[in-house]
Amino acid sequence: MADRSAIQLIDEEKEFHQSALQYFQQCIGNRDVGLDYHVISVFGSQSSGKSTLLNVLFNTNFDTMDAQVKRQQTTKGIWLAHTKQVNTTIEIDNDRPDIFVLDVEGSDGSERGEDQDFERKAALFAIAVSEVLIVNMWEQQIGLYQGNNMALLKTVFEVNLSLFGKNDNDHKVLLLFVIRDHVGVTPLSSLSDSVTRELEKIWTELSKPAGCEGSSLYDYFDLKFVGLAHKLLQEDKFTQDVKKLGDSFVMKGTENYYFKPQYHHRLPLDGWTMYAENCWDQIERNKDLDLPTQQILVARFKTEEISNEALEEFISKYDESIAPLKGNLGSLTSQLVKLKEECLTKYDEQASRYARNVYMEKREALNTNLNSHISGTINEFLESLMEKLWDDLKLEVSSRDKATTSFVESVAAGKSKIEKEFNESMETFKKLGLLISNEEITCKFSDDIEERIKQLRDAELKAKIGRIKKNLVPELKDHVIHLLSHPSKKVWDDIMNDFESTIKDNISAYQVEKDKYDFKIGLSESENAKIYKNIRILAWRTLDTTVHDYLKIDTIVSILRDRFEDVFRYDAEGSPRLWKTEEEIDGTFRVAKEHALEVFEVLSLAVTSDNVEIIPDVPMAEEESGEDNEIYRDNEGVFHSRRFAHILTELQKENVLDQFRRQINITVLDSKRSIITTRTHIPPWIYVLLAVLGWNEFVAVIRNPLFVTLTLILGATFFVIHKFGLWGPVVNVVQSAVGETRTAIKDKLRQFVVEDHEVKESFEMKDFSKNEQKEK
């Protein structure tokens, strides 16, 4: 059967065609057929005109017998052809369905003789996979038992019931009996009744399996009958009858339309091929195995002997031929193929004379031994190739343009490239039959590449974490220290807000969703989450270290003293206070002390404004342990808590308060001394002395209009300042002016002294130079 339009689906050796799916794909091209296809089989006696009928009806090109030469078997096995052109009486304009036609080897042929195993299995297969089974028979065969294949149909019905009878679906097969050479003497209805009675009788007498005892023939099959005129004697009528038959395959919606929904297997085309192959496998395995005969035993012994001789000769030539070529794929594969073919040819020449099944069995074993020996060389070559490809991958990743190509893209591209090259090399060995199974090698290659990519990924991750740490740690320290050095009642709220925002700012480039991050190195969601957790651990440890290192006793005392002095020494506008009375000092002292101690408890225990203790949301220790939150004693016998929020112990708090009280008390005493000094600085009699001694000047001022005007202005200014209590700001302005004047005078004097000193030094250097010249 050489026609390109058909393939041998099952050959005469009962082997299913492994490229059936590719054939279907070639037939339909890129079209999405879905369920819009149909399968038809033809079944009947050998040389009964089955292939001829199919060719005329479906425009196929199955081989047919030339009766003028010899009546013999033409169709061997089961052949499959595709068509969309059905011979009909009218033209069908709409798109016709895809029809796949199975031409089954004829039954009752002399070539197989009494071996009816294949024809039974072929008939059963045709019923199992087809929607319509055309039973081709001659009119004169009706009424016969063997001649019209009733015995075969009985066997097929029995096996069909045992294999497929328990299915709960409503699938049926249409048995279309085509009665050939129908001359019309006996009406078609009479012939159909005869065949129907025979089939019903056969079904009644079947040995039905459990669960199918009450089943009917019509539960599984529908019956249709068509008569065709004699092809040679009534050629025109035969053609017309065939066209009428074709109408029933294309006229949808009519009563005689053959492709009814219940006949379809409801499988896509590629699913049907798998179903057909499984059916044939199930049918083929349903047999008894025969014991080997003496002839088979001899064949096994001789083929084993020939195989060993060929293998020994192969091994003797192998090493010296292969060693120089291990680094060149083309030369290596050519030599391996040559050695292998020489070995198999030697075996074939001698062993092919024995039983074919034994010969092929031993040949397969020899081929396996050869491949096993060759696999060592192939593995060595592929391992060397793996190292080279890995070096290429590392180079490509390290030399990538980081501005335009991400790590993941670079690794993916490099991995794809080396996998392609590796697979191409491996496929070369496989196509040449040198490598039977590549699963182990592929797995090893994949595992090795994944492990090495993991190393690259770890290095990239380490670099990313390093960059994040470089920015995160100092930024976090600076912000925390700044907030703690100027604390408020809500300082811990501010610290935690700043803590979260600092983390977020440093890893915002990797955020994909809320609380979800992708660090762009090809990690899974859980792995990215783990890295994010590690970054938080780093941040929390930095926060913990910064807080506990900064908030020592001396630092807290200094913070409290600064807060005290901000209120005690300066008013609300930031101006220095001028004390008048001790009561004013004492009142301000109490306010300043309260202001300072507002944050004492805040700095002793890290709690939010809602009085909730701050607890890290990640483990602070290297490993979780039950000791993390326990109290421990230091070398000096002082108890401490391991909790982040616990900053000062009770003993440390007392120490802070003692130091703070001492320092602020000193400040208050100094302020009170300044009042006493101011009050006792000028004795009252000085004012009397000034009045007596300055009387002449006073009279001179009164007599001079200019002096009088200045006196009035100064007096009014003095009154206003005194009336509204503006002496404090005036004193501040005067002090500032005096201070600036003093500073300016000092700078001028310093500049004058420095310049004078430089002039003297220059003169001395000139004198020194002259003296040296004189000495020379």
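Glycine too: its Cβ is placed from the backbone N, Cα and C atoms.
For GLY44, SER45, GLN46, SER47, SER48, GLY49, LYS50, SER51, the entry in Swiss-Prot reads GTP binding site, with the evidence type sequence analysis. What Swiss-Prot records for 34-263 is domain 'GB1/RHD3-type G', and it gives sequence analysis as the kind of evidence. Summarising the annotation, Swiss-Prot assigns topological domain 'Cytoplasmic' to 1-681, 727-776. Annotated transmembrane segment per Swiss-Prot: 682-702, 706-726, in sequence order, evidence recorded as sequence analysis.
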Other residues, Cβ within 8 Å of GLY44, SER45, GLN46, SER47, SER48, GLY49, LYS50, SER51 Cβ centroid (GTP site): GLY106, ASN136
Spatial neighbours of the transmembrane segment (706-726) far in sequence, C-beta under 8 Å, 6+ residues away: 700
Cβ packing number for SER51 (GTP binding site), 10 Å threshold: 24
Entry from the binding-site residues list GLN46, SER48 having the most other CB atoms no farther than 10 A: SER48
Other C-beta atoms that fall within 10 angstroms of the C-beta of SER47 (GTP binding site): 20
LYS50 (GTP binding site): tally of other CB atoms within 10 A of its CB: 27
